[in-house]
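Colleague: Take a look at what TrEMBL says about it:
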- 1-22: region 'Disordered' (REGION)
- 1-13: compositional bias 'Low complexity' (COMPBIAS)
- Asn28, Glu405: Mg(2+) binding site (BINDING)
- Lys35, His229, Leu230, Gly231, Asn232, Gly233, Asp303, Met304, Arg305, Gly351, Val352, Gly353, Glu354, Asn355: ATP binding site (BINDING)
- Arg112: substrate binding site (BINDING)
- Asp169: active site, proton donor/acceptor (ACT_SITE)
- His201: site 'Transition state stabilizer' (SITE)
- Arg262: site 'Transition state stabilizer' (SITE)
Amino acid sequence: MSSARPSPATTPSDESRSTPPARVLVLNSGSSSVKYQLLDMSDSSRLASGLVERIGERTSLVRHTPLVSGGETRERTGPVADHDAALKAMAEELAADGLGLDSPELLAIGHRVVHGGKYFTEPTVIDERVLSEIERLIPVAPLHNPANLTGIRTATALRPDLPQVAVFDTAFHTTMPESAARYAIDVETADAHRVRRYGFHGTSHAYVSRATARLLGKAPEEVNVIVLHLGNGASASAVRAGRCVDTSMGLTPLEGLVMGTRSGDMDPAVIFHLLRVGGMSADEVDALLNKRSGLVGLCGDNDMREIRRRISEGDERAKLAFDIYIHRLRKYIGAYYAVLGRVDAVAFTAGVGENSAEVREAAVAGLEGLGLAVDGERNAVRGGGARLVSPEGARIAVAVVPTDEEMEIAQQTYALVGKDN
Ligand SMILES: Nc1ncnc2c1ncn2[C@@H]1O[C@H](COP(=O)(O)OP(=O)(O)O)[C@@H](O)[C@H]1O
Ligand SMILES: CC(=O)OP(=O)(O)O
Ligand SMILES: [Mg+2]
């Protein structure tokens, strides 16, 4: 976990206020979407949340939910040209609820930044130096860092007086030992190009591993947890006593599990083969492995709901895609079992992990000998908070633990720039 550092220089200092500002706006800017939440950190309550999807298309969607005074979700579709326009749409929605960005209650804006390299181990107040470092890392996070940068620049233009804080996906994984973080390639070459395994989704792995310990009634230091973050991007981590000791993503978010559109692990020689024999360019192979592989490459769909629907209709390609996805997932569960030695819990999280009972069941099927099983009835329960799905008295807890990257980012931002710190 990244620890907080006070930053008096960037703390707003309106001495006439009786209560210090405590609202944090959290932005998770993706390549074609922006997700946001406004939180009040004086009591960790959520004031509003929303998203702008399909930015740059004619059918962009703005969905906003006020979470105070019983407001209802508002949705509209229509062109949102770019991230600048997306953040302006967000600002208008917030203003309509009396939560405008001009509010003196707003303390800071927290940004999810996917790649922080080895350098950023903690949440960091963004300045020119931080911006240029995030920019320098674009080649190793081409789908993510450019969008994160755009979000930061646009938010800074909207409120130049506020501290903008970066919370890095890579930070939680900086505790990995060298044996897990290094690739077995020539050390000088690797170091010259900073080629190593960084890991991603760290904010989620940190939050979920702690929430899993809480579910078990233990402190994070007392438990070893395998976290399976299965969203569109997917990654596994082995967390020993609250610290990450291995994770499935590497130099970039391409390594590891089968994902919505990314291949995950494969023989690196596939790339040389496609370059030399397939006549593809490096950029074409990059796009193939990041955007046209994984579930979408295998069966044409990356939405697990659609894949399950097709399987129920007897679709063989969808079934094979599901089987490949599950096979890889089971390999990682087994691997991290061995890495940890003792496992107290396996936690499923993110869109697929939280919602797909079929994926959870298939992931541990036949592993009773390892102490892993799901209870059919418990596993079928939909919704709700963190919960156990393993049978009563199971040796290893199998749990569904909803992730909350936004709350984690808000907490880390508040810890860094909050008045009381
Ligand atoms: N009810 C559901 N059953 C199975 N999968 C679901 C369900 N709801 C959402 N998902 C899956 O969750 C994925 C998105 O997960 P999410 O964590 O929101 O991803 P990301 O944050 O990477 O965009 C979708 O691709 C979809 O396959
Ligand atoms: C790092 C990563 O894969 O993020 P996402 O799941 O948001 O694409
Ligand atoms: Mg996600």
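Backbone N, Cα and C atoms are what each Cβ position is placed from, and that goes for glycine too.
No curator has checked TrEMBL annotations; they are predicted automatically.
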Colleague: Please identify which of Asn28, Asn232 has the densest Cβ environment, defined as other Cβ atoms within 10 Å, among these binding-site residues.
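Modeller: For the binding-site residues Asn28, Asn232, the Cβ with the most other Cβ atoms within 10 Å is Asn28.
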Colleague: Going by a 10 angstroms cut-off between Cβ atoms, which of the recorded positions Lys35, His201, Arg262, Arg305 has the sparsest surroundings?
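Modeller: Arg305, out of the recorded positions Lys35, His201, Arg262, Arg305, has the fewest neighbouring Cβ atoms within 10 Å.
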Colleague: Among the recorded positions Asn28, His201, Val352, Glu405, name every one whose Cβ is found under 6 angstroms from ligand 1, counting any of its atoms.
Modeller: Val352
Colleague: Through the lens of DSSP with three states only, how would you label Glu405 (Mg(2+) binding site)?
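Modeller: Where Glu405 (Mg(2+) binding site) sits, the three-state DSSP reduction gives helix.
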Colleague: Near Glu405 (Mg(2+) binding site), which residues of its own chain have a C-beta under 8 A away, given they sit six or more steps off in sequence?
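Modeller: In sequence order, the residues whose Cβ lies under 8 Å from that of Glu405 (Mg(2+) binding site) (at least 6 apart) are Asn28, Arg112, Thr203, Ser204, Tyr207.
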Colleague: What's the CA to CA span in angstrom from Glu354 (ATP binding site) over to Asp169 (active site, proton donor/acceptor)?
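Modeller: Their Cα atoms are separated by 20 Å.
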Colleague: Reported as an integer number of Å, what is the Cα distance between Asn232 (ATP binding site) and the residue listed as 'active site, proton donor/acceptor'?
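Modeller: Each residue's Cα considered, Asn232 (ATP binding site) and the residue listed as 'active site, proton donor/acceptor' end up 15 Å apart.
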Colleague: Across the record's ATP-binding residues Lys35, His229, Leu230, Gly231, Asn232, Gly233, Asp303, Met304, Arg305, Gly351, Val352, Gly353, Glu354, Asn355, the largest CA-CA distance in angstrom?
Modeller: 21
